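J.: Questions regarding the structure given below will be posed in turn.
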Amino acid sequence: MAGFFSRLKEGLTKTRNNIVSSIDAVFGGFSTIDEDFYEELEEILIMGDIGVNATEKILERLREQVKEKHIKEPAACKELLIESIREQMQVGETAYDFENEQSVVLVIGVNGVGKTTSVGKLAGILKDQGKNVLIAAADTYRAAAGEQLLTWANRAGVPMIGGKEGADPASVVYDAVNAAKARGVDVLLCDTAGRLHNKKNLMEELKKINRIIEREFPDAHRENLVVLDGTTGQNALNQAREFGQVADLTGIILTKMDGTAKGGIAVAIQSELNIPVKYIGVGEHIEDLQKFDPEQFVNALFDVKEEDLAEEMTGGNEDGE
Ligand SMILES: Nc1nc2c(ncn2[C@@H]2O[C@H](COP(=O)(O)OP(=O)(O)OP(=O)(O)O)[C@@H](O)[C@H]2O)c(=O)[nH]1
């Protein structure tokens with residue numbers, strides 16, 4: 001787990017250097033907690049893509065706590081700010097039932113966000129858990145997409161079912177679902193296209209794929225993961241909302257968090273979408289896709305030291321790691 005945490009921390013370096021060092025500068029630069037202090041914090045959080053709504057909630061909570069605890073020194077409320085961000089990210093227990101049941105996992109998202117890469121990484125993770133995994137390459141619009149996925153499938157040591165360029169993606173899914181049933185596959189991972197002639201066609205195709213899975217494999221546990229590119233900021237929220245109109249989204253894979261200084265988007269997503277971030281991508285290697293733990297994310301971001309965590313845990317958090 002230590003390796004995981006340090007990879008996460010390393011992946012969040014750009015965000016830490018941006019948001020967290022600016023926050024530190026405010027804590028160090030103000031001698032009293034006044035409106036200017038809150039305004040500066042607000043600006044930094046919004047600039048870091050935490051989003052207007054989540055920022056408002058975070059600062060409202062901070063103000064309450066500052067009042068309640070009679071805090072006068074800005075430096076003394078850093079912990080409270082971190083805690084308030086943590087609170088905003090809590091969405092309850094995140095379930096990974098697809099790991100333990102026969103499942104079909106549909107991976108959707110717009111073009112270039114990291115769907116194929118994430119399917120490949122996920123296949124590797126599940127295979128390492130001893131699962132029988134099958135990949136369906138339902139992005140038949142781009143020949144390179146199938147080849148790229150095959151490279152990942154080979155790397156993960158997992159079979160793949162694809163179709164010729166231009167084949168009907170729904171027919172690839174049909175074949176893959178039936179193969180999954182026949183072979184007793186634990187998890188079928190379906191990569192989908194991110195680009196069609198227009199958005200309407202893309203959405204219609206996803207609906208069709210959904211219907212086929214429901215009809216052919218009604219007993220399978222379903223997981224619909226939308227992939228969002230962390231570097232696209234608030235746009236990512238809109239994409240999730242749009243995909244949410246055609247598929248019952250069960251989780252988010254937030255990619256490229258290593259490539260952005262505005263990793264606050266994870267806070268905005270957790271706080272505003274009501275769909276849990278299940279995985280976070282912090283690099284291009286297989287081990288750079290990690291299960292998302294909001295607590296760990298905030299600790300990695302703010303570089304919360306182990307001693308501080310131990311203190312917090314003895315403060316009543318019994319189910320800490
Ligand atoms: N740095 C970084 N790069 C990533 C991450 N995830 C994906 N990428 C890169 O993002 C690029 C696009 O990823 P793809 O997996 O091809 O995206 P896609 O959504 O399948 O794209 P289409 O097939 O065009 O729809 C690739 O160069 C990946 O290596 C990540 O977490 N960090």
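Any Cβ shown, glycine's included, is placed from N, Cα and C.
Copied straight from TrEMBL:
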type    : residues                  : note
BINDING : 109-116, 191-195, 255-258 : GTP binding site
DOMAIN  : 276-289                   : domain 'SRP54-type proteins GTP-binding'
J.: What is the average pLDDT across the domain 'SRP54-type proteins GTP-binding' (276-289)?
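T.: On average, pLDDT over the domain 'SRP54-type proteins GTP-binding' (276-289) sits at 92.
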J.: In the same chain, who gets a Cβ under 8 Å from the domain 'SRP54-type proteins GTP-binding' (276-289) while lying at least 6 residues past its ends?
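T.: Hits for the domain 'SRP54-type proteins GTP-binding' (276-289): 3-4, 7-8, 10-12, 91-92, 94, 96, 114, 117-118, 120-122, 124-125, 155-156, 225, 230, 250-258, 266, 269-270, 297.
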J.: For Met257 (GTP binding site), write down the residues of its own chain that are at least 6 apart in sequence and whose Cβ falls under 8 Å from its Cβ; none is a fine answer.
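T.: Counting only residues 6 or more apart in sequence, the Cβ neighbours of Met257 (GTP binding site) under 8 Å are Gly11, Leu12, Thr15, Gly230, Gly263, Ala266, Ile280, Gly281, Val282.
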J.: So, by DSSP, how many helix, strand and coil residues make up the domain 'SRP54-type proteins GTP-binding' (276-289)?
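T.: Going by DSSP assignments, the domain 'SRP54-type proteins GTP-binding' (276-289) contains 3 helix, 6 strand, 5 coil.
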J.: Which entry in the list of binding-site residues, Gly109, Gly112, has its Cβ near the fewest other Cβ atoms, using 10 Å as the limit?
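T.: Each of the binding-site residues Gly109, Gly112 was scored; lowest Cβ tally within 10 Å is Gly112.
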J.: For the binding-site residues listed here (Lys115, Arg195), tell me which residue's CB has the most neighbouring CB atoms inside 10 Å.
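T.: Most Cβ neighbours within 10 Å: Lys115.
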J.: Quick check: in three-state DSSP terms, what is Lys115 (GTP binding site)?
T.: helix
